[in-house]
Amino acid sequence: MFDTKQTLDAFDPEIWQSIQDEAQRQEEHIELIASENYTSPMVMEAQGTKLTNKYAEGYPGKRYYGGCEYVDKAEALAIERAKTLFGADYANVQPHSGSQANSAVYAALCSPGDTVLGMSLAHGGHLTHGASVSFSGKMYNAVQYGINPDTGLVDYEEIANLAREHKPKMIVAGFSAYSQVLDWQKFRDIADEVGAYLMVDMAHVAGLVAAGVYPSPVQIADVTTSTTHKTLRGPRGGIILAKANPEIEKKLNSAVFPGGQGGPLMHVIAAKAISFKEAMTDEYKAYQKQVVANAKAMAATFNERGIKIVSGGTENHLMLVDLIGKEYTGKDADAALGAAYITVNKNAVPNDPRSPFVTSGLRVGTPAVTTRGFKEKQCIDLTNWICDVLESLENGNSEQVIADVKAKVLAVCAEFPVYK
């Protein structure tokens, strides 16, 4: 029998302290990593429930273990809410992550050795879109497309030519570092021309899609995948969506279980259901509109300060800051901003002369600061502070500038707490 009066801080003070330190970091640092966000207390509450105790291999109504009648209800709610939220005919809410969702789609629609056409990691794609170090580049014949280095935009003619040349079994559309709107229909047309499946990975923009501020790929692609965190602001996990196709739906279910996973995480699935319900509210739609407005304000301010943005601006939640030609690297900028309590991530940019571990760019995103309550004014101020730090790296006065900016960050974070 468990003693429910026993406390974590008393039993395991080391882990407790790590949790408290991270909570303090989240409150006192400005989070600009484009893939990060703060989830709601209700989502976190669900993840800490007794649902974590239940094994539920299989799907609702078709489990391998007994005692699943209540977790069946939770998963059925998550499935129906996901379908309603995204206008999908099919949803699988069991993938533990976005990468595992993508892996399941590859397994369902392709065979090892098949050709897959995806966006290069160096140009803004994801590891699972064919990178050589990923399963997608090791198990499949990965052909990579990129962006036009002059415009910073996806080159659809290049994609069409590569598709005609290599005849891929599947084309992957989506990104982890691209600031413009992808034309899902153009990808569909290219896929149809060469007889390929079209998979869209909308992990970065799923929240924007749910709110109607970014075009939906769900009824255009054969299969759409996403994480449930990032802009969607739910728990860490994955999801697979599709338009009606019984044959593909059966393959997808089998690829997730038993093909790639065993028991689903029922406490996380319940949290996913909560986040989908949150995403149906008017407040959530207003939040996503503000995410884009804040990103546009930041991009415009970078441009005004003479800091180049790849593609010139943004139409979503993120932007790539191009530091090619600067005396400092993306790694240097990342570290300096981190010392000022501004968290970003170094990122490769098109034609980057530096290694992926050093880079000549930064990726910046607004989902987390918008959750804090930042509007355009705070984001403009923040961008100016970032530019001050970057300029100080060239002017030799970075120590004082970083200290000044850190003080401003602490003040604005106190004014806009994450969790009241």
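Every residue, even glycine, has its Cβ placed from backbone N, Cα and C.
What Swiss-Prot lists as (6S)-5,6,7,8-tetrahydrofolate binding site is L121, G125, H126, L127, S355, P356, F357, and the listing cites sequence analysis. Taken from Swiss-Prot, the feature site 'Plays an important role in substrate specificity' applies to H229, supported by sequence analysis. Look at Swiss-Prot and you will find K230 tagged as N6-(pyridoxal phosphate)lysine, backed by sequence analysis.
Annotated features taken from Swiss-Prot, shown on the structure.
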residue: L121; record: (6S)-5,6,7,8-tetrahydrofolate binding site; DSSP class: helix
residue: H126; record: (6S)-5,6,7,8-tetrahydrofolate binding site; DSSP class: coil
residue: H229; record: site 'Plays an important role in substrate specificity'; DSSP class: coil
residue: S355; record: (6S)-5,6,7,8-tetrahydrofolate binding site; DSSP class: coil
For G125 ((6S)-5,6,7,8-tetrahydrofolate binding site) and the residue listed as 'N6-(pyridoxal phosphate)lysine', the CA-to-CA distance in whole Å is 16
As a whole number of Å, the Cα atom of P356 ((6S)-5,6,7,8-tetrahydrofolate binding site) is distant from the Cα atom of H229 (site 'Plays an important role in substrate specificity') by 25
Excluding its own, the Cβ atoms lying within 10 Å of the Cβ of H126 ((6S)-5,6,7,8-tetrahydrofolate binding site) add up to 23
Expressed in angstrom and rounded to a whole number, the (6S)-5,6,7,8-tetrahydrofolate site built from L121, G125, H126, L127, S355, P356, F357 spans a maximum Cα-Cα distance of 17
Other C-beta atoms within 10 angstroms of the C-beta of H229 (site 'Plays an important role in substrate specificity') total 26
H229 (site 'Plays an important role in substrate specificity') sits from H126 ((6S)-5,6,7,8-tetrahydrofolate binding site) (Cα to Cα, rounded, in Å) at a distance of 16
In this structure, the one of the binding-site residues L121, L127 whose CB has the fewest other CB atoms within 10 Å is L127
H229 (site 'Plays an important role in substrate specificity') sits from S355 ((6S)-5,6,7,8-tetrahydrofolate binding site) (Cα to Cα, rounded, in Å) at a distance of 29
Ordered by sequence, the long-range same-chain Cβ contacts of K230 (N6-(pyridoxal phosphate)lysine) under 8 Å (at least 6 apart) are A34, S35, E36, N37, A203, H204, A206, G207, P367
Of the binding-site residues listed (G125, P356), the greatest number of other CB atoms within 10 A surrounds the CB of G125
Spatial neighbours of H229 (site 'Plays an important role in substrate specificity') among the binding-site residues L121, L127, F357, using Cα within 10 Å, are none
For F357 ((6S)-5,6,7,8-tetrahydrofolate binding site), the same-chain residues 6+ apart in sequence with C-beta under 8 angstroms from its C-beta are K331
Around the Cβ of S355 ((6S)-5,6,7,8-tetrahydrofolate binding site), other Cβ atoms found within 10 Å total 11
